[in-house]
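**Student:** The structure follows.
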Amino acid sequence: MAKENLTPSEYISQVIEKVKKRNPNEPEFLQAVEEVLNSLTPVLEKHPEYIEENLLERFCEPERQIMFRVPWVDDEGKVQVNRGFRVQFNGAIGPYKGGLRFHPSVYIGIIKFLGFEQILKNSLTGLPIGGGKGGSDFDPRGKSDGEIMRFCQSFMTELYRHIGPDVDVPAGDIGVGAREIGYLYGQYRRIRGAFENGVLTGKGLSYGGSLIRPEATGFGVSYYCQEMLKHEGQSFEGKTVAVSGFGNVAWGVCKKVEQLGGKVVTLSGPDGYIYDPDGVVGEKVDYLVEMLNINKGARVKDYADKYGVQFFPGEKPWDVKVDIVIPCAVQNDITLEHAKKIVANGVKFVCEAANMPCTNEAVQYFLENGVIVGPAKAANAGGVATSALEMSQNSMRLSWTAEEVDAKLHQIMVNIYNNCKKASEEYGFGYNLVAGANIAGFIKVAEAMHAQGNY
Ligand SMILES: N=C(CCC(=O)O)C(=O)O
């Protein structure tokens with residue numbers, strides 16, 4: 001059928017079928033695409049030209065997918081080989097921008113789901129940044145500092161030819177923290193022969209990093225969740241929060257939730273979860289920073305042993321009766337079964353801090369049962385937004401204070417929340433932040449793609 005004869009929903013179904021066929025065995029990428037496209041029918045009703053110019057199929061196909069070999073030498077002198085990726089998904093509104101994930105689970109499908117989400121997330125920040133993502137199946141856990149450095153140097157020896165401050169600006173994600181960014185940037189500068197510190201974000205303060213960037217994702221999701229609570233006439237004051245993960249994002253959430261009057265009572269890792277009824281507060285939040293050093297092979301059980309709290313081996317924290325759930329670990333952390341337990345516990349707020357932490361079935365169940373869901377592409381945009389603020393500081397060759405950056409971050413998150421709410425209402429979804437985020441994020445990119453011609 002010619003495109004112009006398709007209804008919006010027929011066109012969306014056709015695009016989803018093509019994405020399935022073109023990207024077999026990439027379930028996470030397909031999950032991300034279906035979740036977004038199924039919100040866009042009213043947008044296509046308003047913009048039939050997007051069907052005529054097949055904009056949606058272009059939106060779901062990365063502009064560029066780069067894959068490369070990463071050989072490196074371990075401490076025993078043996079040559080190891082990993083695979084590196086960079087997906088430059090959509091550059092219509094700015095240079096590609098997105099993290100690097102170093103984790104054994106990484107394959108092209110993971111990078112494409114992350115890159116696809118990043119397009120909409122970066123658009124929602126209101127800042128001029130396109131969507132991209134990269135990484136490797138390299139496992140940093142248990143590696144020495146020297147092995148991490150040699151891997152990063154080899155990874156950048158390939159990646160540098162594809163990136164630049166106005167081309168593609170990588171940053172951290174799972175397994176890539178300030179240390180890795182430092183080694184990556186050092187190799188980039190050595191090869192490029194130019195300072196160009198705007199090429200990576202999450203840098204150390206001594207060479208152009210931004211204050212608040214380490215805390216930004218956790219702070220941002222807390223600000224977004226605060227707006228969700230305000231809409232119901234509530235606040236974090238006296239609230240208990242269940243968090244999964246115990247990395248950088250969880251740390252920022254613990255710190256900001258405490259500042260806002262609440263307390264996080266669970267943390268989780270691959271080994272299980274802890275329950276601390278007194279809350280992960282005060283110096284216990286600082287201990288999280290120590291645990292962040294993955295080289296120590298840190299386990300969340302270490303927290304339970306240190307503070308004498310309950311540890312539940314091999315389990316997830318979704319049985320715990322709390323007021324708010326904020327998943328900060330990995331994709332598909334909350335399944336439909338978990339969602340049923342969370343609803344049965346009377347939880348009314350789920351705010352996604354990790355990327356795609358709930359299955360589509362879990363999100364649907366939450367929405368059907370009166371739970372307010374803050375979607376990851378909106379709620380966890382504080383990290384990349386602060387990365388863009390780092391880029392701004394680098395371009396101007398100046399540094400803002402922590403208070404200035406935190407205030408800008410807070411305002412960005414309030415704007416994102418308001419735009420999600422407004423888009424949802426305007427396009428007939430009522431108060432549905434999930435649909436609103438997809439619509440608000442898509443509209444700006446679609447307008448830019450339309451204006452730039454149908455390539
Ligand atoms: N890992 C990040 C941050 C990416 C960035 O700061 O460019 C994300 O937005 O998922």
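Glycine is treated like the rest: Cβ placed from N, Cα and C.
What TrEMBL says about a protein is an automatic prediction, not a curated fact.
From a predicted model like this one, the values you see are computed outputs, not experimental measurements.
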**Student:** SER268, SER387, SER392: which one does TrEMBL list with LYS97, GLN118, LYS121, GLY172 for the substrate site?
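**Tutor:** Record source TrEMBL; matching candidate: SER387.
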**Student:** Filter the recorded positions LYS97, ASP173, ASN248, SER387 down to those with CB closer than 6 A to an atom of ligand 1; keep them in sequence order.
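**Tutor:** So the answer is LYS97, ASP173, SER387.
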**Student:** What does DSSP assign LYS121 (substrate binding site), in three states?
**Tutor:** helix
**Student:** Just to be sure I understand the packing, how many Cβ atoms besides its own are within 10 Å of the Cβ of ASN248 (NAD(+) binding site)?
**Tutor:** 24
**Student:** Measuring Cα to Cα, tell me the gap between SER387 (substrate binding site) and ASN248 (NAD(+) binding site) in whole angstrom.
**Tutor:** 15
**Student:** At the Cα level, what's the spacing in Å between ASP173 (site 'Important for catalysis') and LYS133 (active site, proton donor), rounded?
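**Tutor:** Cα to Cα, ASP173 (site 'Important for catalysis') and LYS133 (active site, proton donor) are separated by 9 Å.
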**Student:** Should any of the binding-site residues LYS97, GLN118, LYS121, THR217, ASN248 have a Cα within 10 Å of the Cα of LYS133 (active site, proton donor), which are they?
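**Tutor:** Those close enough are LYS97, GLN118.
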